[in-house]
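> Here TrEMBL flags 29, 30, 31, 32, 33, 34, 52, 117, 122, 144, 168, 300 as NAD(+) binding site. The CoA binding site annotation in TrEMBL covers 68, 75, 144. For 24-209, the entry in TrEMBL reads domain '3-hydroxyacyl-CoA dehydrogenase NAD binding'. Among the features that TrEMBL reports, domain '3-hydroxyacyl-CoA dehydrogenase C-terminal' is placed at 211-308. Annotation source TrEMBL lists site 'Important for catalytic activity' at 165.
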C-alpha cells in the first residue's frame with residue numbers, strides 16, 4: 001500500500017511539474033535565431049540562459065540583443081526614454097550566458113535548440129543534455145527542415161520533445177509553428193503552446209512533416225520560380241515584379257531566396273529530395289546548384305540571383 005501511495009504521489013508530482021508554467025529557459029545557439037529567441041523570451045519576464053561554444057560568440061550575441069532592444073525602445077518609448085532605458089536593463093538582467101550546456105540544463109524548464117541544421121550534431125547535443133536535464137524539462141528544436149522525430153530519437157524523453165519553429169527576425173515575427181510528433185504528449189504540446197502565447201506570439205499547430213507549414217509551401221514555391229526561369233518562361237526580374245504586384249507579396253521569390261540564403265534553400269531541398277526522391281516538388285535545380293557551388297549565396301556574400309554592393 002505504501003508503495004502504491006508513493007507511486008501515486010510521484011505521478012501527481014510529475015504531472016504538476018509538467019503543467020507548471022515555463023519560467024526558466026535554456027537556448028542553445030547564440031546565432032541570429034538563438035539570440036532573437038532569447039530576446040523575445042527575456043522580454044516577457046522569463047529567465048534565459050543563452051549557450052554557445054565560446055565567450056566571443058556569446059558577447060556578440062549579447063551586444064546584438066541589446067542593440068535590437070534599443071531599436072525597439074526607440075519606437076515604443078520615443079517620448080519616455082528613461083522608461084525605455086529601464087526596460088532594456090530589466091530585459092538584459094533576465095539573460096545570462098554559458099558555454100556549458102550540460103550544467104545549464106540541470107535547472108531549466110525548457111531547452112530550445114537553435115544550432116546548425118545537421119541531424120547528427122543535433123542528436124549528439126540532445127543525447128548529452130537528456131542525461132543531465134530533470135525529468136520535467138521539455139526539449140524543443142527550432143529546426144526548419146529536419147524531422148523532429150529523428151532528432152528526438154536521440155533521447156529517452158520522446159513524450160517531452162516537440163518543435164518550436166520561430167521566424168526571423170524573432171522579436172518582430174508573430175508566428176511560431178508548434179510541432180507535435182506522434183510521441184509528443186498532450187501535456188508537452190499544451191505547455192509549448194502556452195509558452196508561445198506567453199511570448200506574445202501566435203502559435204499554429206503542425207504535424208511533423210517536411211517543412212511543417214510555412215516552409216513546406218514556401219520552399220517549393222521558390223524552387224518553381226527558379227524552374228520557371230530555367231525554362232526561359234520569365235526573367236527573374238519579371239517573376240519578382242509579378243509576384244509582388246500580382247500576389248501582393250513583399251518580396252519576389254528571387255529576392256526572398258537571396259535574403260534567406262541560396263545555400264540554405266539548397267540544403268533544405270536536397271534533404272527533402274533525399275527523403276522523397278519521387279516528389280517533383282523536391283527536385284533539385286541545376287541553376288541553384290551552380291550558384292551555390294560558386295559561393296554566391298545571396299545578400300550575405302554580396303551576390304546570389306542579384307548583386308549587392
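Here the Cβ of each residue, glycine as well, is placed from N, Cα and C on the backbone.
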> So what pLDDT does the domain '3-hydroxyacyl-CoA dehydrogenase NAD binding' (24-209) average out to?
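For the domain '3-hydroxyacyl-CoA dehydrogenase NAD binding' (24-209), the model's average pLDDT rounds to 96.
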> How many of the residues that make up the domain '3-hydroxyacyl-CoA dehydrogenase C-terminal' (211-308) does DSSP mark as helix, as strand and as coil?
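Grouping H, G, I as helix and E, B as strand yields 65 helix, 3 strand, 30 coil.
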> List nothing but the one residue from 29, 31 whose Cβ has the fewest other Cβ atoms within 10 Å; the candidates are the binding-site residues.
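Minimum Cβ neighbour count within 10 Å, taken over the binding-site residues 29, 31, occurs at 31.
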> Look at the binding-site residues 68, 144, 168 and tell me which residue has the greatest number of other C-beta atoms within 10 angstroms of its C-beta.
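Buried the deepest by this measure is 144.
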> Of all the recorded positions given, 33, 75, 165, which residue's CB has the most CB neighbours within 10 A?
165
> Around residue 122 (NAD(+) binding site), how many other CB atoms lie within 10 A of its CB?
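Total other Cβ atoms inside 10 Å, all chains included: 21.
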> If you draw a 10 Å sphere on the Cβ of residue 52 (NAD(+) binding site), how many other Cβ atoms land inside?
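By my count, 24.
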> Widest Cα span across the NAD(+) binders 29, 30, 31, 32, 33, 34, 52, 117, 122, 144, 168, 300, in Å?
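Max Cα-Cα spread across the NAD(+) binders: 24 Å.
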> To the nearest Å, how far is the Cα of residue 52 (NAD(+) binding site) from the Cα of residue 68 (CoA binding site)?
19
> Report the nearest neighbour of residue 33 (NAD(+) binding site) in space among the recorded positions 68, 75, 165, comparing Cα positions.
165
